[in-house]
Amino acid sequence: MATLSLHSHSFLLVLLPFILILRQNLAVAGGCQVPPVIFNFGDSNSDTGGLVAGLGYSIGLPNGRSFFQRSTGRLSDGRLVIDFLCQSLNTSLLNPYLDSLVGSKFQNGANFAIVGSSTLPRYVPFALNIQLMQFLHFKSRALELASISDPLKEMMIGESGFRNALYMIDIGQNDIADSFSKGLSYSRVVKLIPNVISEIKSAIKILYDEGGRKFWVHNTGPLGCLPQKLSMVHSKGFDKHGCLATYNAAAKLFNEGLDHMCRDLRTELKEANIVYVDIYAIKYDLIANSNNYGFEKPLMACCGYGGPPYNYNVNITCGNGGSKSCDEGSRFISWDGIHYTETANAIVAMKVLSMQHSTPPTPFHFFCGG
């Protein structure tokens, strides 16, 4: 017992500086006098309950155990990066667009992200193109209701709200990861990347034509470091930190293309503010320097089945019968083999808010409403 207490004390000493920095960033950015409107498009990295609302899919405890003390449809033990970013702007956590039970709680925007989403094929739920069409319907309906009923005007987002909103895009991971899972070779996966980039570019241009001017684009993380991938791929092609080199190489190529796309769009869309965020660098740093952050076994899931080295079994995933979760998720980077723990998400958010990984460097409170 004494050993456990000492270990916990040491861990808190390691983590405390990051918690304090995050709180400081939240306080500075949280000075928004007018909370912003935010629209998010993405996959499970930023899904705040869309899959549950849209398909009735059950995501139960232990998901959500550390912050919400209940399952919210998020694939984590607590908050996601997008939740911390919303809190930094002093706005409510985003509700899923498909959640019909939240009443008028779309005044600060909506979240179109859904678990498993990709950019291609375009018309398969819930691809980026489908999410975009949902947004266009949402906008049309909101403006219609605001125009015909005075009582509803206070609850609806108006033209200025859509024009000044922040449009966040975090998608592409599944396009790459699923291609590998289907048995495609590295060269074939790489050939798909330009098409994925093209879909994201098209979405931004459509949003721009609809009046959007503020865009926040996340690249994809180190796919080769996910316990899920590591447990399912029999390969000797590991990098020095134990990650799958080919998966990470493909992710880097995708990120390079996404960066170039953002640079091109800044030239093409003269009035747009487009911020590119290097999530890959942030997340890989957590893996490479896990001890500095107080994490144990950086390539092992907290919740899953099978034990070391990865604690992931595709037939017994987190939350399903037979799976087990660790006592302290704060000591793990990976929650369920694919998604991050709240502690890891908090550190990622802190580093995002630092502007050190953003191009161009932009304080997040730039997106305050007004």
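Each Cβ is built from the backbone N, Cα and C atoms, and glycine gets one as well.
As recorded in Swiss-Prot, the features of this protein are as follows:
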{"type": "ACT_SITE", "residues": "S44", "note": "active site, nucleophile"}
{"type": "ACT_SITE", "residues": "D336", "note": "active site"}
{"type": "ACT_SITE", "residues": "H339", "note": "active site"}
{"type": "CARBOHYD", "residues": "N90", "note": "N-linked glycosylation site"}
{"type": "CARBOHYD", "residues": "N315", "note": "N-linked glycosylation site"}
{"type": "SIGNAL", "residues": "1-27", "note": "signal peptide"}
Tally every other Cβ atom lying within 10 Å of the Cβ atom of D336 (active site).
-> 27
If you measure between the CA atoms of D336 (active site) and N90 (N-linked glycosylation site) and round to the nearest Å, you get 29
For N315 (N-linked glycosylation site) and H339 (active site), what Cα-Cα distance in Å is obtained after rounding to a whole number?
-> 17
Whose Cβ, among the recorded positions S44, N90, N315, has more other Cβ atoms within 10 Å than any of the rest?
-> S44
Name, in the order they occur in the sequence, the residues of the same chain whose CB lies under 8 A from the CB of H339 (active site) and which sit 6 or more residues away.
-> S44, N45, L75, S76
